[in-house]
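Working notes for the structure below.
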Amino acid sequence: MTLRHSVAVDLGASSGRVMLARFDRDTRSICLREIHRFVNCLQRTDGFATWDLDALEQEIRTGLQKTCDEGIVIDSIGIDTWGVDFVLLDRDGKRVGLPVSYRDNRTDGVMENALGELGREEIYRRTGIQFLPFNTLYQLRALSEQQPGVLDKVEHALLIPDYFCYRLTGALNWEYTNATTTQLININSDSWDETLLGWAGVPRKWFGTPTHPGNVIGQWICREGNKIPVVSVATHDTASAVLGAPLKDKEAAYLSSGTWSLMGFESKTPYATRKALAANITNEGGAEGRYRVLKNIMGLWLLQRVTKELAITDLSDLIARARQIPACKFVINPNDDRFINPESMSREIQAACRESQQPVPLTDSELARCIFDSLALLYAQILQELAELRGRPVSCLHIVGGGSQNELLNQLCADACGVPVLAGPVEASTLGNIGCQLMALDEITDVDDFRTIVAASYQLKSFSPQTDSEIARYVAQFPHNRQTCKEFCA
């Protein structure tokens, strides 16, 4: 047999899809086809922002069954999702409590308490993970303080992709790349940190030993009775996206652009230094024991919220109109906590501009331009931080994911960062998911082998930096790009 068929379930915070991959071992090429796409959105339950896991599971099963109904012999299945969120199970495997989203405000003030009680340096020394107010560490502390009655009912805590794998196979698993996003994995031992779990108020027994990606953990049985292997891939969607990014060379950086933007570089060793701590750099796990040294950026979440609020459906038209507006007329800090989940994103952006004594973006295109310019400026700042941390310049920036289709933002990024940008593939998370499955099936040897296949299968688009552009001239006002977006506003 020269063809392999694998299915990737790729769940994001705003949508999900079930994708079929066909790998031809003779031509060493890969192609994807969408089988099923569905919406994922927050809902309010008992005062909390929660995920509808039952609906998501049904959509996953629908997509998998659609593939089987086509008569295709599926060789494997893999699931990747967003990080940090978790599901609690009792001894019978039934859910306990609510699947609360990281965007819920229950963690307000919890991270600050941790810094006061444990110390910023100590937490970072143990984990090497970026401080974000919604990390699992703070979610668990909020749970133990606000809902202590839930704790005695819990036997296991699973992260979201591990939960869906459990629902398909009945097998419990704690995949490593996603586990590192919790800020509960000790960076020296690659195991759960009992001191941090103790501070969070939850027992160690909730969590099994972390497993590295690329293992078959069980089987899903389709309606026809066929047993299909389920592979524990790099279940954090960014870990899969980085695996699927055809990095040009070892000096390249990546930007996984979607609801979140995640910018970083690969390393065989973590960067958990004081300099990394000062820049709030994270060291998340990747495939083959590689570290994803990166920084989280709020990303296109701001645009998604604005377009939803203003009922904008033609994104291409919005981007075209935003292109006509002068650069850097309105600048915000996209990573400000005020933008995590405001009541109105449009009004929050306008308020931020007003408070910094800038012109206020009033139209949809002005709001979009504000978001694009602000993201590009923040990308430039963070790329400089990463280059200084590594001690050598970045050769180019690979932008992957849905945001790589935004050519205006790609060019702004190239101009602001001063490096060439390579955009694509759009479906990097899905490809990385498939890559792990193909390694588990012994079809490819390693990550580098898979990236060669991706580079040959997908055409990338290049964006060269234009030093005379408005945003490039704006950045040039600030030596070494050291200023934060807040300082850009001043």
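Each Cβ is built from the backbone N, Cα and C atoms, and glycine gets one as well.
Here TrEMBL has GLY83, HIS236, ASP237, THR238 binding substrate, and the candidate from ASN173, ASN186, ASN188, ASN296 in that same listed site is ASN296. Among the candidates GLN58, GLN304, GLN357, GLN358, the one that TrEMBL lists alongside ALA13, SER14, SER15, GLY16, ARG17, THR259, GLY402 as binding ATP is GLN304. For ASP237 (substrate binding site), other Cβ atoms within 10 Å of its Cβ number 31.
Here the Cβ of CYS68 (disulfide bond) has 17 other Cβ atoms within 10 Å, regardless of which shown protein chain they belong to. ASN296 (substrate binding site) is 17 Å away from GLN304 (ATP binding site) when you measure Cα to Cα. Overall, the recorded substrate-binding residues GLY83, HIS236, ASP237, THR238, ASN296 cover a maximum inter-Cα distance of 13 Å. Candidate recorded positions: GLY83, CYS222, ASP237. Nearest to GLY16 (ATP binding site) by Cα distance: ASP237.
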